[in-house]
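**Q** Features from Swiss-Prot:
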type	residues	note
BINDING	Gly138, Glu139, Thr140, Gly141, Cys142, Gly143, Lys144, Thr145	ATP binding site
DOMAIN	125-292	domain 'Helicase ATP-binding'
DOMAIN	354-526	domain 'Helicase C-terminal'
DOMAIN	938-1001	domain 'Tudor'
MOTIF	238-241	motif 'DEAH box'
Amino acid sequence: MDQEVMDFFDFSKELKRVAAAPQGYISSDPRLMATKFKSSEVPNRELIGTDYVSKIVAKEKCLLNGTLLNEQPQGKRIRTLDDLDTDDEGEETEIRRDDEYYKKFRFNLNRDKNLSIYAKREEILAAINAHPVVIIKGETGCGKTTQVPQYILDEAYKSGKYCNIVVTQPRRIAAISIANRVCQEREWQQNTVCSFQVGLHRPNSLEDTRLLYCTTGVLLNNLINNKTLTHYTHIVLDEVHERDQNMDFLLIVVRRLLATNSRHVKIILMSATIDAKELSDYFTTTNSIPPVITTNHRRKHSIEKFYRDQLGSIIWNEEDVGHQQVPEINKHGYRAAVKIIVIIDNMERKAAIQSRQSYDEALRYGAVLIFLPGIYEIDTMAENLTCMLENDPNIKVSIVRCFSLMTPENQRDVFNPPPPGFRKIILTTNIAESSITVPDVSYVIDFCLAKVKVTDTASSFSSLRLTWASKANCRQRAGRVGRLRSGRVYRMVNKHFYQREMPEFGIPEMLRLPLQNSVLKAKVLNMGSPVEILALALSPPNLSDIHNTILLLKEVGALYLTVDGIYDPLDGDLTYWGTIMSRLPLDTRQSRLIILGYIFNMLEEAIIIAAGLSTPGLFAHEGGRSQLGDSFWMHYIFSDGSGSDLVAIWRVYLTYLNIVENGHDQESAIRWAKRFHVSLRSLKEIHLLVQELRVRCTHLGLIPFPVNPNQMMDDREKAIMLKVIIAGAFYPNYFTRSKESCADTDRNIYQTISGHDPCRTVYFTNFKPAYMGELYTRRIKELFQEVRIPPENMDVTFQEGSQKVFVTFKQDDWIEGSSKYVPVSGRVQSEVYKAVMMRQNRVERPIHIMNPSAFMSYVQQRGIGDVIEGRWIPPTKPLNVELLALPSVFDKTISGSITCIVNCGKFFFQPQSFEECIRNMSEIFNAPQQLRNYVTNASAIAKGMMVLAKRDSYFQRATVIRPENQSNRQPMFYVRFIDYGNCTLLPMQLMRLMPRELTEQYGDLPPRVFECRLAMVQPSSVVSGNNRWSTAANDMLKTVAQCGLIDIEVYSLFNNVAAVLIHMRDGIINDKLVELMLCRRSDEDYMSRKDHDFRLRRQESARNLSTAQRQQINEEYLRSCQLPQDHDLPPPPLEKCKTVVMLKGPNSPLECTMRSITRVGLSKRVNIDHLSVNALLLDADPQDHHDHLIVAHEIAESRNGQTLTARGTTLMPNVQGFGALMVMLFSPTMQLKCNKEGTSYVSVLGGLGCDPDTNEPYFAEHDVLINLDVNILEDDVILINQIRYYIDSVFFNFKEENNPAVSVNERVSIYTQLRSLINRLLCKDRRYIERNMSNADFEWETNPELPLPNEPFGKRAIFPMHSLTELQEEDTGRLVQLRENCSMLHKWRNFEGTLPHMTCKLCNQLLESVPQLRLHLLTILHRDREKQIDYCNQ
């Protein structure tokens, strides 16, 4: 343990040291949290409803009626009436004049009398003068939004009184467009008398503004900060019916302030579909009952409404009649909608005969709008309509989809007229209720359904629930017709059900969505506890939801665990993090991302990602169920192999910003967006939000640190740090990529694909051996054209006696069209991902083959292969294995030279034994008579041709890979030097055609080199990303290669690639790279370990074999190493292929699943959102047996609660123990649990902690548990405590102060320390340990003897210090047992019989066969465990 770590707590900083406090063990309210439960199950906490509301509301009513004005506030933390400024409500308010202002601007008092609201003008003004609150109910189009504020302003102008009106709108675009419309109508210059404010976008000065249109959130934040309404004379709350959380909380604030210090401000509530009685009761006092003024909007055209029971001509399913309680659309519902369209068409054909309007004109203005709840239902309806077209060719329809994730180009199709003779049918979600108006719609088919987002506050899981739409929604939908002519609405429910059963209004957001932002607003408002404030809502939430929200806010660091030092389950003091979160228009976890981004000096990246996560529809959806289009793969392109949807958002935005800043015109931007399948509209919204967040962060003091250029993070470090802050921001949305819990998982993978490389191979099934598959390889390759994989980039092979077809993709960067177009993380090639996606979209694919009975005559007539004893033998190329340059099975060490280095994972070695052969060939090739065949015409060079090409100063054998794709200069070709391994680009002048005699002599001679890779190591995710070897590691290998003759130790040979250890003077380069942290130790693949074991046993027996025996064994060995050949034969003509075989696949043995590590998600199935870059989840590092961590931005839950869907996912770096380290780093508190002997840590339990008296968790649902598979030591915990301390110190503020205590210079120093500590934590080489389930549970433990950690910030710590249980020394007797067990295993290693079942006690692994035992002894886990007990095999 180094001195720097031990000196951590001596960190000198002028901060107040507070006495240490117990963390996670503070008394709780037993009524809410004390329940008995099993460790693996989530406790069922009692649901506490709204009984708490009545007492609080009664007290508030007294306040509204003026009977509590003299009461003192309870407790210093609750601000109430006497803390607020007053407008002297007991005295007559002096009338403020504004004559000079009215002289500055022109006031035209002529209003539009054609609007229906005008008839109520005098009544509205009289009501406003007489009452503090007025409710106006007017249908859309009556003019209330633009006219009522003008009526008020005109009256003020007439009397010369001061007037300042604010009007809220739920959406930004509405506030801007309405303000501009009023300015245009009144001929006012914009941003003078009338203006707008959305977010932080506002005029430089509002001094001349008397009519302000703003979003609901803008007014709410102003009122919370000012705690008075008196800045305005009139507050108009428009679209009150929408009932989002901002509106409901605004009503709370307005009502409270109206009753206390702002009694002379007038409140006007307006909506089209308002529950007037509910609002009137909410604002009623003993002195005033708000009047309700209703105005009706007359339509020019009539609308007829029909219900299901009125559609007698449609045959409904008898079982459905009268049973509509379950909201759903079954197959009969879809068919009924199709029948209605047929009826509409027949009706218009008859009408055309009887009237002047032609049928074509009826089609043009007779569009049908079908309201469906989601994209799945849209696709299903489209399929039913397509079937209708096939059955009735007389009806021609143009199907148009409309939903929020579509591209703007596709959405424009909604407004375009259909082709002549076609009827437009628009399949839409509720987006067309109000956001989109299509004039030519004459018919609406409404299934009266909606998908509503609901969040479980205990689990934080959201779900889209299919529910009956409210009548208000249905009325909005009906209003889409009757614009140009009379219309019809078909509601697919019975009239009685519609009138009696369907809800009048939708569920308010406060009852179905997270309450974090509302609770934070209540804390900032500081007029009572969150419970006391939210109880006053129009629709108060359940007390359990408030309690869960408090716990969530404590989890994200927005609230301290305590209030004035005392634990309160329903409250907590506001942290500075919470203050920041309350001022950002984001979800709390997105705000946490920005906070951590600032701390780690990645603020800009965090802002962009947070803005992108807040804006839906960035990646355009093409519609339909197929994902094979380029739009899906754009996620991979922009994620750049990071495995992160969030990184993809960041890179898309940077690309867009580059287009904007470089001055490209709009058309260029549109072309770019269309090419890469991103939504330009969403990008513009993200851009606006990014700008707003930057301004807000600046106001909060969140400004990027001034860092010296030499201290800037490079791309590699930035990628790691970005993933660390993503893990911190979205804790505990953690998942692990799980593998089969089977000791023979590796063997099963290779057995499934017959020994092929799983990282490059997929397979089909259902192709019988009798089909003679070798003749159809080209036809099978053609299947991959749909994902644009060229045929030359794959080999198709078969296994004798099997129904499988194996497709192996070539691993060559020089092949045109190779996998680099779509970057992916890990070792798996992108072609494998594309192939698996093919199967996910369509399981079966047809292949046309000949009838087996006619096959033999076909191949015999054409001389294709041989037919021996009725069996067809495909033509094969003879292979002389004795000529191969591959290492012999008896060769352990080989001397030679490295001829070419691509990277540490691919280089070529030339044995010294070939030195004379190479020299002789070089002399022959470079003889003048052999170099006369100059290449004068590029057409003479063909792909795959063997030529003589110049390497350094001499010509050598080379194979042409392909021509360069450059037409503007002399022809050049990519060639590979056969006997050296390197590839290069050469002009024709440096190439010679090989004479025939040389081709005959050397054409079939295998390369005099073999490919190698470093054994038992892999690239470090911390040092280099995307499974790439770092430059430093490659440079070290090049330095060794330049030394000349070197010795390599062959570990294994698989797929003709040797895994080797390279010996140097001072050790082995493999170990040196690990020591220098340029790579990390890694297990070898199953096939590699199997080959290594085989080689070891053959080498041990070599002394007993003769030379001839050795040669025979080696030839058999090398022959067994060769995989089946791709015959690439031309298939029979299609006219001869009458039989269709349905291939099933492609499949990959690397497909895996995810599991949640939170307690609430442990038993649920987990999917990844189908649009995510991780939607195709493959085991990208199959040799690595660690569980890889995946972090989700959001988690959705299925309707039945059994399946979770992770959205916005990020695959974390493949670092040993990364998941456990992130839990220890970012959980509010954690416990390291020991094995039953107390000698090692075996699991990490993280969460909010527990009640010290009962050990019951505060927030059981969000407790996380990770079983350790690497060694976590005391040094690691001290490092993590350092990091937590530095994170806390950035925003630490004393209780009496509002701003953080540290200066900018101190923040730079903290950032520098954090970088260093994070790198040390992640780069550490940790030893593997066995998985131990003896103490892997969710039970919190208290240990009175455990010393409390030194707590620098006391109870004001967001990340308190972790305490640590001291480990015990391993018992001597136990060590002896483990060593004896190891010795026994090694003795059984060479046994040739049947192994009795035994267990490796070191690794807790059951061993059932000798081969399994041998391979287990070669794993890193076992070798590390042997070192830990000091075992040495003699």
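Yeah, the Cβs are placed from backbone N, Cα and C, and that goes for glycine too.
Can you tell me where each of these features sits in the structure?
**A** The 10 Å shell around the Cβ of Gly138 (ATP binding site) contains 25 further Cβ atoms across the protein chains shown.
Helix, strand and coil content of the motif 'DEAH box' (238-241), in residues and according to DSSP, is 2 helix, 0 strand, 2 coil.
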**Q** Could you check the binding-site residues Cys142, Gly143, Thr145 and say which one's CB has the fewest neighbouring CB atoms inside 10 Å?
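**A** Taking Cys142, Gly143, Thr145 as the binding-site residues, the minimal 10 Å Cβ count falls on Gly143.
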**Q** Where among the binding-site residues Gly141, Lys144 do you find the Cβ with the fewest other Cβ atoms within 10 Å?
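**A** So among Gly141, Lys144, the binding-site residues given, the one with the fewest Cβ atoms within 10 Å is Gly141.
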**Q** Mean pLDDT over the domain 'Tudor' (938-1001): what is the value?
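**A** Over the domain 'Tudor' (938-1001), the predicted model scores a mean pLDDT of 90.
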**Q** Judged by the number of other CB atoms within 10 angstroms, which among Glu139, Thr140 is the least packed of the binding-site residues?
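**A** Each of the binding-site residues Glu139, Thr140 was scored by Cβ atoms within 10 Å; lowest is Thr140.
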**Q** Look up Lys144 (ATP binding site) in the DSSP assignment and report helix, strand or coil.
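**A** The residue in question, Lys144 (ATP binding site), is helix (DSSP, three-state).
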**Q** If you run through the domain 'Tudor' (938-1001) with DSSP, how many residues end up as helix, strand and coil?
**A** 12 helix, 30 strand, 22 coil
**Q** Could you find out if DSSP has Gly138 (ATP binding site) as helix, strand or coil?
**A** strand
